[in-house]
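Peer 1: I am attaching a structure below and will ask some questions about it afterwards.
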Amino acid sequence: MSIFKMMLIYFAILWVVNAAQLLDIDPQGVIPGAYIVVMKDRVSSLEFSSHVRWLKRTHRRNLAKRAIPFTEGLSATWDIAGWQAYSGSFDEDTVQEILNHENVEFVEPNKEMQVASTIKQGNVTWGLSRISHKENSSHDYVSTYGEGENITFYGIDSGIDINQADFTGRARWGINLADHVDTDCNGHGTHTAGTVAGQKFGILKKASIVSIKILDCYGYGDITRYINGLNWAINDAKERGLLGKSVMNISLKTGRSRAVNEATVRAQEAGIFIAVAAGNQATSAEFYSPGSAPEVCTVGASTRNDTKAIFSNYGELVDLFAPREYIRSTLPHNLTGLMSGTSMATPHVCGVGGLIMATEGLAPEKVCDRLKELANPTIQNPGFNTTNKLLYNGSGA
């Protein structure tokens, strides 16, 4: 074989090795023509800036080549604790060139994200009492870890009604990445916030509350908005000196997404404890994000009888269970209401995590392990290869 042919084979192999992956994820909820692009870890900030300039030139050239009117392809860029990525809408030629770029790790389609709850009706309030007692027989709430003084709660959801009376003036509007309605017109975000930090219904009764709206009035958003929300929260916490003193509740889900998982983990590494919903599909949590990220605290849903809720996702990625059914909490316009789902379980973990972090001085990435140490092994029939640990706030009761 000639040296020339050997060189051709070598460069062909090298091209295959260096080409990024276009991840083949569950097609449900995919937004046509929209992508998330993640850079390799070794890429410097200067190289990332250079890549973005290259992307803009490439996008413009490929549109002109096909006589397509110019549209701004790039929609967002992110740097979350060194995790560099961007999103946008690009044609097939541009996507192929992105995949071939030496600094790109992978590309995946942008997808819808939505709330992870099931709305129910009833007249029961029991979650706070259950997580503050070892035995399932009490009806009061006990806490020896304080009330969340000096903790800030970031709610990434459908927004939060910051004027809700149960928030006692502690809530502020952060950013709206969903629409032009600067309030919670869905109710999901205000409900989860009430369990985390409401005066009557919550755990962090003295924490500051920040609303980050990424879902519309129907409870829908997408991965780009989600990562934009994470990025905004990290920057806000950094500017205000709140890293290491903040918690975040994510009662949302999309199909398994490497980009969502990586961004969520990096946000926690930056200094915010994160609790995420396992999901309500009665299957393994591994199929959904961010619940499939092993480094964050993934929460399954339990019933009043300390069994796994029938719809709760399960599996080795679930870290612990928390109350989920008929949870009464805050709604917009000073109303209250009952909801059920892993969306309602997760805020309990977020709240107790904030108490533990503040009182014991733990780093965010250590909080979930501590919660698992405190938890009670009381969940019956938790599912295949799933923990039986139920959230407990360590009150001694």
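Don't overthink the numbers, they just go from 1 along the chain as shown.
From the backbone N, Cα and C atoms, a Cβ is placed for every residue, glycine too.
Below, the features straight out of Swiss-Prot:
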- 35-115: domain 'Inhibitor I9' (DOMAIN)
- Asn123: N-linked glycosylation site (CARBOHYD)
- 125-397: domain 'Peptidase S8' (DOMAIN)
- Asn136: N-linked glycosylation site (CARBOHYD)
- Asn150: N-linked glycosylation site (CARBOHYD)
- Asp157: active site, charge relay system (ACT_SITE)
- His188: active site, charge relay system (ACT_SITE)
- Asn249: N-linked glycosylation site (CARBOHYD)
- Asn305: N-linked glycosylation site (CARBOHYD)
- Asn334: N-linked glycosylation site (CARBOHYD)
- Ser343: active site, charge relay system (ACT_SITE)
- Asn385: N-linked glycosylation site (CARBOHYD)
- Asn393: N-linked glycosylation site (CARBOHYD)
Peer 1: Take the Cβ of Ser343 (active site, charge relay system) and count every other Cβ within 10 Å, whichever protein chain it belongs to.
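Peer 2: Cβ-Cβ neighbours of Ser343 (active site, charge relay system) within 10 Å number 31.
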Peer 1: Starting from each candidate's C-beta and looking 10 angstroms out, tell me which of the glycosylation sites Asn150, Asn249, Asn334, Asn385, Asn393 has the most other C-beta atoms.
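Peer 2: Compared across Asn150, Asn249, Asn334, Asn385, Asn393, the most Cβ atoms within 10 Å surround Asn249.
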Peer 1: Near Asn305 (N-linked glycosylation site), meaning Cα within 10 Å, which of Asp157, His188, Ser343 (active-site residues)?
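Peer 2: Taking Asp157, His188, Ser343 one by one, none has a Cα falling within 10 Å of Asn305 (N-linked glycosylation site).
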Peer 1: Could you check which of the recorded positions Asn150, Asn334, Ser343, Asn385, Asn393 is the closest Cα neighbour of His188 (active site, charge relay system)?
Peer 2: Ser343
Peer 1: Taking Ser343 (active site, charge relay system) as the reference, which of Asn150, Asn249, Asn334, Asn385, Asn393 (the glycosylation sites) have a CA within 10 A of its CA?
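Peer 2: Of everything listed, what lies within 10 Å of Ser343 (active site, charge relay system) (Cα to Cα) is Asn249.
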Peer 1: Output, ordered by sequence, the same-chain residues six or more apart from Asp157 (active site, charge relay system) with a CB under 8 Å from its CB, or 'none'.
Peer 2: Val115, Asp184, His188, Gly189, Thr192, Ala193, Ile212, Lys213, Ile214, Leu215, Asn249, Ser251, Leu252
Peer 1: Around His188 (active site, charge relay system), how many other C-beta atoms are within 10 angstroms of its C-beta?
Peer 2: 27
Peer 1: Cα-Cα, whole number of Å: Asn385 (N-linked glycosylation site) versus Asn393 (N-linked glycosylation site)?
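Peer 2: About 24 Å separate the Cα atoms of these two residues.
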Peer 1: When the domain 'Inhibitor I9' (35-115) is classified with DSSP, how many of its residues are helical, how many are strand and how many are coil?
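Peer 2: Each residue of the domain 'Inhibitor I9' (35-115) counted once, the result is 30 helix, 31 strand, 20 coil.
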Peer 1: Tell me, how many other CB atoms lie within 10 A of the CB of Asn305 (N-linked glycosylation site), whichever protein chain they belong to?
Peer 2: 8
Peer 1: Asn334 (N-linked glycosylation site) to Asn393 (N-linked glycosylation site): how many Å between their Cα atoms?
Peer 2: 28
